[in-house]
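Colleague: Mind looking over this structure? Questions follow.
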Amino acid sequence: MAFSLAPGLLLPLLVGLLNFASSTHDYQDALSKAILFFEGQRSGFLPQDQRITWRSNSGLSDGWMYNADLTGGYYDAGDNVKFGFPMAFTTTMLAWSVIEFGDSMPPNELRNSLVAIRWATDYLLKAVSQLPNRIFVQVGDPNIDHDCWERPEDMDTARTVYAVDAPNPASDVAGESAAALAASSIAFRSSDPGYSDTLLRNAINAFQFADSYRGAYSDNSNIKYGACPYYCDFDGYQDELLWGAAWLRRATQQDAYLDYIRSNGQTLGADENINEFGWDNKHAGLNVLVSKEVIEGNMYSLQSYRASADSFMCTLVPESSASHIEYSPGGLIYRPGGSNLQHTTSIAFLSLVYANSLARTSQAINCGSIYVSPTRLRQQAKRQVDYILGDNPMGLSYMVGYSNYYPQRIHHRGSSLPSIKDHPQFIACKEGSIYFNSTDPNPNVLFGAVVGGPGEDDVYEDDRIDYKKSEPTTYINAPLVGALAYFVANPNPS
């Protein structure tokens, strides 16, 4: 498809090229929309207070082939599959956002954030309900699903359930599920202590399964071709074991998990791939999380994690002597592969979390020839968030529904097809192709959806077919919730 702009985008493009770093943003509006997005991703029976009203019930028989209730949870992106691995990571990041920045959220948005977390944790509790013998890791055959373009409400594709039975391994999914449930138990501790206890109890069970039967879930032949190449753990399962243990340490304060992190760090490769963070690779997030114990708790036996976290932060500073993360000409953190804004939002979030720890103890980072202050980390994070919201060469908000200029043709089935409320007739698998191939804007606005983002040249073609750029995901939005919450309270960080 040739480069095209949604109606009215030419003028902001020209303005953006002249001066794309001077605007101010309504962070509270962006936060509200970033949380609202998750309601558009819901699977299952939707509640009466559902605010994305063009969505309706879907996946109501999920789990039937195992005689289990696996309804609920989230579709991870623009398709209709429930992948447990990225869903659990999304949940961890939403919970961490509340733990770290919930005090900065307006009360109604804190409440909405907890609702978004609970929609995921209620599902994850079902996924781990048959432990210690079985964990459910996925619902829906992605190869069949991706061959269709149909609304989740119309799904007539196989809702295949993928499960891992002991002693087969699923350390990545189980470890991330343990992290998600443990982090969420902290998020709910004050508002719903009973639910918090349930989450923590199941987190412990999930971690025991992950650690007892070590290996990736895609090592199982019945899983591999259902998960790969979509959400295989390409980076190994070891980081999820440490990540799960770190969150259980934070949730329980038990020394057993501290000992696990300390004694297994080198064995499980805690010092490898330290400059990555996302649904596949937890190392940078792990190091930031564990460093809190070093910086604020003087736990010097974990100093190697602090050193790795410092090293990661130094890669974000262009004038440091460290090897640097790549930036686009317009200043966006860029990593090859697709859905680039997942890196932008997660790194911005980590920078703010680390800055908070440093600021509480009046510390800075030694990056060779320079010292990097908490203020510098916060300003760098702000630059990334502002880029997403419109301070970029395109003059375009990459969050749908924020400002007047945003992507109109996102790669998302429900958004691009007529709502079942406007078009109640069934739209079969291949009948949706006409909408997929259309150059018309999507009929349903998925408020708050953040797309994959522009290329390394800062250029974004508003093209539904180019899923690497135009598809939103839950794991792009989840860390952005925390970053936006910080800037609601601190729009001009110092």
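Every residue gets a Cβ built from N, Cα and C, even glycine.
Per TrEMBL, the features are:
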type	residues	note
ACT_SITE	H411	active site
ACT_SITE	D462	active site
ACT_SITE	E471	active site
DOMAIN	27-484	domain 'Glycoside hydrolase family 9'
SIGNAL	1-23	signal peptide
Colleague: Can you give the mean pLDDT for the domain 'Glycoside hydrolase family 9' (27-484), rounded to a whole number?
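Modeller: Averaging the confidence scores along the domain 'Glycoside hydrolase family 9' (27-484) gives 95.
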Colleague: How big is the Cα-to-Cα gap, in Å, between E471 (active site) and D462 (active site)?
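Modeller: Just about 11 Å between their Cα atoms.
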Colleague: Taking the Cβ of D462 (active site) as the centre, count every other Cβ atom within 10 Å, in any protein chain shown.
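Modeller: Cβ-Cβ neighbours of D462 (active site) within 10 Å number 23.
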Colleague: Might you list, by sequence position, any residue in that chain lying six or more from H411 (active site) with a Cβ less than 8 Å away from its Cβ?
Modeller: G78, V451, R464, I465, D466, Y467, S470, E471, P472
